[in-house]
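Per Swiss-Prot, the features are:
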SITE      Arg21  site 'Transition state stabilizer'
ACT_SITE  Tyr26  active site, proton acceptor
BINDING   Asn77, His83, Asp90, Leu104, Ser105, Arg114  substrate binding site
ACT_SITE  His103  active site, proton donor
Amino acid sequence: MSTQSRILVLNGPNLNLLGLREPAHYGSQNLEQIVNALTTQADALGVEIEHLQSNREYELIEAIHNAYQRIDFIIINPAAFTHTSVALRDALLGVDIPFIEVHLSNVHAREPFRHHSYLSDKAVGVICGLGADGYEFALNAAVKRLRSN
């Protein structure tokens with residue numbers, strides 16, 4: 001990588017409640033702690049991250065659109081939009097930026113409606129059920145992929 005790679009980290013609805021909401025599923029860390037750890041990790045890896053959490057689908061879509069020709073990789077936890085948003089899928093396909101889908105909980109061990117993802121078949125990879133560590137693993141995988149290309 002000749003210039004510093006830029007990675008966009010997107011978090012969907014209700015993830016602003018991490019640490020409060022259903023800690024048995026989502027863990028006790030809040031989103032600020034997760035993003036701070038990712039920022040430290042990114043600095044050590046020599047990459048730059050940008051972060052956005054939104055409960056509004058259109059804001060996530062606009063962030064994806066604005067990433068075009070500016071961002072090298074996306075890490076996304078679409079949260080509930082995983083199971084409902086064709087629009088997020090289309091935005092990701094439209095900008096053609098590789099992405100990894102992350103989920104804190106194991107969505108396949110939960111309610112049946114959580115088993116389907118509109119994004120996973122287009123993702124470079126999917127990490128689920130590993131809690132906040134999933135973001136760390138996703139960042140390592142993204143950097144490794146960027147450095148090998």
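Residue numbers in this text run from 1 along the chain shown.
Cβ from N, Cα, C; glycine included.
In the structure as shown, the Cβ atom of Asn77 (substrate binding site) sits within 10 Å of 25 other Cβ atoms. Cα of Asn77 (substrate binding site) to Cα of the residue listed as 'active site, proton donor': a distance of 6 Å. The Cβ neighbour count for Asp90 (substrate binding site), using a 10 Å radius over every protein chain in view, is 12.
With respect to Cβ neighbours within 10 Å, the recorded positions His83, His103 differ, and His83 shows the lowest count. Across the fold, the C-alpha of Asp90 (substrate binding site) and the C-alpha of the residue listed as 'active site, proton donor' stand 20 Å from each other. The sparsest Cβ neighbourhood within 10 Å, among the listed binding-site residues (Leu104, Ser105), is found at Ser105. His83 (substrate binding site) sits 12 Å from His103 (active site, proton donor), taking the C-alpha atoms as the reference points.
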